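Participant: This is the structure, below, for whatever I ask next.
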């Protein structure tokens, strides 16, 4: 192993220590208060569900590579706990400068966990190609830019606070795709860039965690929490059933494919996230779940065979068709339902549609632009240490027993 990498590896603990020192200073000088929690105890179970979802769900969901299991779960935990503290720091600064209202520490952490979903999704696109410092830099940049995107949507496009948070799937998917487009494409002959039955099983376990806790994710900060949770469950149920149906129909031998179930079962939760609290009839949520699952499976065939090769985009975990396309469908469905609901109020209908379409376009544009810039920064000489031949390899970072087959 080169001395260049050894020096770089020894700097990782100091980067983490520096960040923790900043977070500790923040908690001291900004006078972080823990009072007033009794008012939010009713939402604590949903808060814990989202915490489990982000840590356990995405930790296992990303275990799709045969020799990258330690890094998938370990680095996910690292960036989540660092990112949540960074997000709370940003929230505290906004409150300190009177740009945001003080809503309590528990709600601040809840927003941080939801925001970290964007980073977890983006990590899936660059999985196996980034080192720990690159992941930390990407996390900090993405969180700050996502806060800027939410602020623009709320301040200038009049998007509600909860709806601006639900753009997290859209932002995370396209930010990650822009970042990964800046990395060299691995060789198709690279044996480590594939899954095994064991890694598929662990990844499916992560999907199950995400599926179970997704209603809490969509309803945690919603005004109509019960309606949001029920609509999300109906959409998830239909998307899971549709995933099994389409998987059997699209495979040559009529067998189920784990990659289809792994991705499309979650599509309903992503698609309905924009509209979960505004849907009054469950059949609408069920239709969105069906369409989300269909666009995920059909999109995976189209993107992997037609779009990704000419664009030279290597999306390790398939976040585009797992989160990106269902989020686009959900954003469009939100506009359609808004038109139906406000049809009688023709004087302001066009203005409302323009605002929501503008928020959708702004989120994707800012994610792509800043993602390209971040990808370029991550590939500069001080940060880019991993050669392409060392992609998707746990032993580059972890002590791995020789008698353990990864």
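Positions of Cβ are set from backbone N, Cα and C atoms, glycine also.
Features from TrEMBL:
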{"type": "TRANSMEM", "residues": "12-30", "note": "transmembrane segment"}
{"type": "DOMAIN", "residues": "42-390", "note": "domain 'Ammonium transporter AmtB-like'"}
{"type": "TRANSMEM", "residues": "50-68", "note": "transmembrane segment"}
{"type": "TRANSMEM", "residues": "75-97", "note": "transmembrane segment"}
{"type": "TRANSMEM", "residues": "135-152", "note": "transmembrane segment"}
{"type": "TRANSMEM", "residues": "164-183", "note": "transmembrane segment"}
{"type": "TRANSMEM", "residues": "204-222", "note": "transmembrane segment"}
{"type": "TRANSMEM", "residues": "228-249", "note": "transmembrane segment"}
{"type": "TRANSMEM", "residues": "285-307", "note": "transmembrane segment"}
{"type": "TRANSMEM", "residues": "319-340", "note": "transmembrane segment"}
{"type": "TRANSMEM", "residues": "352-378", "note": "transmembrane segment"}
Participant: Between the stretches 204-222, 228-249, 285-307, 319-340, which wins on the count of C-beta pairs under 8 angstroms to the transmembrane segment (50-68)?
Facilitator: 204-222
Participant: Among 135-152, 164-183, 319-340, 352-378, which stretch has the highest count of C-beta pairs below 8 Å with the transmembrane segment (285-307)?
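Facilitator: Per the Cβ count, the answer is 319-340.
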Participant: Are there residues at least six beyond either end of the transmembrane segment (352-378) with Cβ under 8 Å to its Cβ atoms? List them, or say none.
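Facilitator: Residues 122, 130, 134, 137-138, 141-142, 145, 148-149, 152-153, 157-159, 164, 167, 170-183, 331-332, 334-335, 338-339, 342, 384.
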Participant: Please work out the mean pLDDT for the residues of the domain 'Ammonium transporter AmtB-like' (42-390).
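Facilitator: Per the prediction, mean pLDDT sits at 89 for the domain 'Ammonium transporter AmtB-like' (42-390).
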Participant: Out of 75-97, 135-152, 204-222, 319-340, which stretch touches the transmembrane segment (164-183) the most, going by CB pairs under 8 Å?
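Facilitator: Per the Cβ under 8 Å count, 319-340.
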Participant: Could you tell me what the rest of the chain brings near the transmembrane segment (75-97), counting residues at least six beyond its ends with Cβ under 8 Å?
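Facilitator: For the transmembrane segment (75-97), the nonlocal Cβ contacts are 16, 19-20, 22-23, 26, 30, 32, 54-55, 58-59, 62, 105, 108-109, 111-113, 115-116, 119-120, 123, 132, 135-136, 139-140, 143-144, 147.
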